[in-house]
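Chemist: What follows is a single structure, and I will ask about it in a moment.
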Amino acid sequence: APQAPSVENPPEADCMLGIGKGYRGKKATTVAGVPCQEWAAQEPHRHGIFTPETNPRAGLEKNYCRNPDGDVNGPWCYTTNPRKLFDYCDIPQCESSFDCGKPKVEPKKCPARVVGGCVATPHSWPWQVSLRRRSREHFCGGTLISPEWVLTAAHCLDSILGPSFYTVILGAHYEMAREASVQEIPVSRLFLEPSRADIALLKLSSPAVITDEVIPACLPSPNYVVADKTVCYITGWGETQGTFGVGRLKEARLPVIENKVCNRYEYLNGRVKSTELCAGDLAGGTDSCQGDSGGPLVCFEKDKYILQGVTSWGLGCARPNKPGVYVRVSTYVPWIEETMRRY
């Protein structure tokens, strides 16, 4: 089951976040409409595990529905029906309110493609996704763009395998992904961009719970072109060629290089399409490498980070005169929005 992070439920709200472990509302009837038994009472049902004494922090007051044991089905209570020990309660999910592209933790923005970048401040890029196969190893990056959708590179996916082979990890800083903030959610559907661009959408089997460590990035306006020399950031756990910080999320700042310049003979020599963008140090030394395929290139605009690129390809890794190439997300916003709306 997906690990539910510890999220603060709004005080007294009659709605729940995630599986409702933090629910402290006043619902006191089961789905069948039967009143709940008081947690402190021993009639009609005798019980010793979940009482206000044994679980003083679980909010077991009166006979309100609660989820003291983190049951995946949500809040429950002992019932006043002598023939039914316990039952679940019908509590709606809270509307998740979040601002896309606004981390709760300020990013380091280290000067220096991720080979020569630096270790990120934990959870400062809260839309960063680690894509895993059944083997559990990180093999590609991705970006959370709404509670139920992740954008990644098409070349990361093997369409023969189908969605059940993939899981996304959210809220991680360490590649091992064992922190309490981690949410692990199976993928339910894969959508490859129809014109065969190197971009794909993953629908999650259940929505991510938006927390301080898990926040979507914003999508750009359709067909927006990032100006030359705009400073943007890439993040990932990828191949770092013996450089420092393996296993922790890394970041690097990169200037965008306009296509006209990037396609010059001495750089990428006409290989970059208008639906792609270049970013990198023409001197070499920083770049996103294998293993960060599918990960984000975000640019700060006004007061938020906007996903402008999906890491796609590069010639080698952090080589002089060979900037990284990213899918230009703005080109595909109509397809992204249409797919999210239809499915």
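Any Cβ shown, glycine's included, is placed from N, Cα and C.
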Chemist: From the disulfide entries in Swiss-Prot, identify which of CYS262, CYS299 pairs with CYS278.
Modeler: CYS262
Chemist: Could you round the CA separation between SER221 (phosphoserine) and CYS299 (disulfide bond) to a whole angstrom and send it over?
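Modeler: Checking the Cα atoms of SER221 (phosphoserine) and CYS299 (disulfide bond) gives a distance of 13 Å.
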Chemist: Inside 10 Å of the Cβ of CYS156 (disulfide bond), count up the other Cβ atoms and send me the figure.
Modeler: 20
Chemist: Compare the Cα of SER293 (active site, charge relay system) against each of the recorded positions CYS15, SER130, HIS155, CYS232, CYS262 and report the nearest.
Modeler: HIS155
Chemist: Of the recorded positions CYS77, ASP198, CYS232, CYS262, CYS299, which one sits closest to CYS89 (disulfide bond) when you measure Cα to Cα?
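Modeler: Comparing Cα positions, the candidate nearest CYS89 (disulfide bond) turns out to be CYS77.
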